[in-house]
Amino acid sequence: MGTGHYFWALFYFASLCSASLANNAKINFREKEKKVLDQILGAGKYDARIRPSGINGTDGPAIVRINLFVRSIMTISDIKMEYSVQLTFREQWTDERLKFDDIQGRLKYLTLTEANRVWMPDLFFSNEKEGHFHNIIMPNVYIRIFPNGSVLYSIRISLTLACPMNLKLYPLDRQICSLRMASYGWTTNDLVFLWKEGDPVQVVKNLHLPRFTLEKFLTDYCNSKTNTGEYSCLKVDLLFKREFSYYLIQIYIPCCMLVIVSWVSFWLDQGAVPARVSLGVTTLLTMATQTSGINASLPPVSYTKAIDVWTGVCLTFVFGALLEFALVNYASRSGLNKPNRAADMHKENLKKKRRDLEQASLDAASDLLDTDSNATFAMPPKRPNCCKTWLSKFPTRSKRIDVISRITFPLVFALFNLVYWSTYLFREEEDE
């Protein structure tokens, strides 16, 4: 008899369990979500115009934590001083009015796609120029409400933001572009923005920029005070380094080549007037066109940039080569350049006699030193000037100008390069 009662009790318990499992299997949790949403967001139960309470239900400010995921950086414009970025923007805060029963952990969160159903922080991007949401195929936005009243808002947006640049070291410069987020109407007494703990800003791994490299980024706070109160503000600074290899190939090497080509004029015969004029004018016009193209891609600023120093000096060297030919042409046409005239012959004879006298005095001094072995000192013989001796090999003044230019121009340009690169590369390291 006891065994029979035990059997029936066991059978009854098993039936109850199976019935309970069957009932749970039939529960439509999507229907449960609708009921929960109606309970917490129904008419007269939730007012989206009222901000949430502070921490632990106090009257303190609502705390909103921010984090970003940078998906891409499309362009960085020097002339407009702006950059375009696409990012996933997320806000998270707690609204105790939205707490609900999670049905023993089966409802992890509720999902909304209409931001106007709940209270939203009045955040705006203070350095934004343009911006738009993404609605293909559906609006890229969602709101998740968790059982403890926590709200997560996520949206994908594209922004064009102002980025004031200091171009004094261009193109050896680094630029800091900021993304600023602030409250528009709520003061810090009602709303405070904080960076999410851990990793508040993330950047896609394969981020590629054509002329820049993203070296690092820093998060900070930028609260602002006005005559209406203090407003909470967050910012992230993106540090970009300009890729110099592009400018080396497109600007610096071609300018060097133009300067060197202008020196070919020094090796042409002074009588080849059409060739030397054509070479000088062509290199000058090409250099001027190169300079204009560089300035067209940059904003007009009141200070001198590193590239301005380079192009200005290169243009000066090319122009100097053209002026050198004008001087050579003038010297070749002047009477001072004709060695067969009487005055020049007389000067040459005087110079020859002077050299003979100097040589004779040197010979006499040498004989005196040889014969007078007891002399304690002697005047050192005057050595001939090497430069004058070398230049005397060239009979005309115009030829001497060309020869001096062949040496002077490359030496001065090399000295300029040494000073230029030493100065700007050192300043770049200081900024780094």
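Easy rule for this one: first residue shown is 1, then count along the chain.
In case you wondered, yes, glycine gets a Cβ from its N, Cα and C as well.
Keep in mind it's a predicted model, so treat the numbers as computed, not measured.
Sequence annotations record features per position, and here TrEMBL assigns signal peptide to 1-19.
Feature annotation from TrEMBL assigns domain 'Neurotransmitter-gated ion-channel ligand-binding' to 34-242.
The annotation transmembrane segment is assigned in TrEMBL to 244-268 (among others). If you look at the transmembrane segment (244-268), the same-chain residues 6 or more away from its ends with a CB under 8 A from one of its CBs are 171-172, 211, 275-276, 279-280, 283-284, 286-287, 290, 294, 307, 310-311, 314, 317-318, 321-322, 324-325, 402, 405-406, 409-410, 413.
The domain 'Neurotransmitter-gated ion-channel transmembrane' feature in TrEMBL is assigned to 251-341.
Per TrEMBL, the feature transmembrane segment maps to 309-331 (among others).
The coiled coil feature in TrEMBL is assigned to 340-367.
Long-range Cβ contacts of the transmembrane segment (407-426) within its own chain (Cβ-Cβ under 8 Å, at least 6 residues beyond either end) map to 169, 172, 259, 263, 266, 306, 309-310, 313, 317, 320-321. TrEMBL lists 407-426 (among others) with the feature transmembrane segment.
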(request) Pull the DSSP breakdown for the domain 'Neurotransmitter-gated ion-channel transmembrane' (251-341) and write it out as helix, strand, coil residue counts. (result) 72 helix, 0 strand, 19 coil
